[in-house]
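K.L.:
Quick one: this structure, given as structure tokens, is what I'll be asking you about.
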Amino acid sequence: MKKLFLVISFFAASLSVSAFAAGGPAIELEKAQNNLRDQDSLQRGAVLFSNYCMACHSVKYMRYNRIARDIGWTDEEVIAQMTFGQNKSVDEVHTRMLDGVAMDVLGSSPPDLSLMARLKGPDYIYTFLRAYHQDEQGNWDNTVLKGTSMPNVLEGMQRHAAPDEYAQAARDITNFLEYVGEPAKLERYDLGWKVIAFLLLLLLLTYLLKREYWRDIKH
Ligand code: HEC
């Protein structure tokens, strides 16, 4: 018994240590409050992503026609909205930047963003996009990723749009990137409820069966 207790406390201790180690950035992240079921937001996010991010970033594990199907566009619409007619709907979503240019201009390569929302979480992306600020000399920095080589691409919006609009744009882009990170997430959630409902029904049936079996037996 003592041994068992020791083993359990050892595992509990190592779990809490690893949870601590995976603690992430020191600053507090804002809640993105995005909604994967909001197709208007996903469509706006896709357009914003195309206008503001695809100059440097790809989401190369996605194809345009899959995006169209999932967020409520036809194949023609996705091509018109995201690539100005430049691509085929079966194409993967590549950056418009030529190979190597980013390295020369920015000093680093913009990462592919297909899995970024799964790696860092939607709240991180939302906060990161909104965390650019300018010091007295006019130099930009980002409180989430200090010294980042990514410029403040939403600067125009940050300056000129109403705070709500700016927040909504960042939320829409985040929503789109969370969707891209796991296109079948909603199917998974919906299937999950069905499985649980099925298991509850099965529980009821097995319970009734058990009562039936034991009905005439004294116990
Ligand atoms: C001018 C090129 C450029 C554009 C446009 C651009 N990015 Fe970036 N982005 C970069 C570079 C370069 C990095 C790598 C930054 C670093 O490691 O410091 C990066 C990194 C990132 C990261 C990862 C941050 C991290 O913690 O590692 C995210 C998320 C991101 N970009 C999102 C976006 C989104 C969303 C847009 C559009 C609104 C966008 N980027 C537009 C160049 C760009």
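Cβ from N, Cα, C; glycine included.
When I checked TrEMBL for this same protein, it listed these features:
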SIGNAL    1-21  signal peptide
DOMAIN    40-181  domain 'Cytochrome c'
BINDING   C53, C56, H57  heme c binding site
TRANSMEM  191-209  transmembrane segment
K.L.:
Let me know how many other Cβ atoms fall within 10 Å of the Cβ of C56 (heme c binding site).
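P.N.:
Cβ-Cβ neighbours of C56 (heme c binding site) within 10 Å number 20.
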K.L.:
Give the residue counts of the domain 'Cytochrome c' (40-181) per reduced DSSP state, in the order helix, strand, coil.
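P.N.:
Final tally across the stretch: 74 helix, 13 strand, 55 coil.
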K.L.:
From the centroid of the CB atoms of C53, C56, H57, the recorded heme c site, which same-chain residues not already listed sit within 8 A by their CB, in sequence order?
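P.N.:
For the heme c site the neighbour list reads F49, Y52, M54, A55, S58, T95, M97, P110, L113, V153.
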K.L.:
Using a 10 Å radius around each Cβ and counting other Cβ atoms from all shown chains, which of the binding-site residues C53, H57 yields the largest count?
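P.N.:
Neighbour-count leader: H57.
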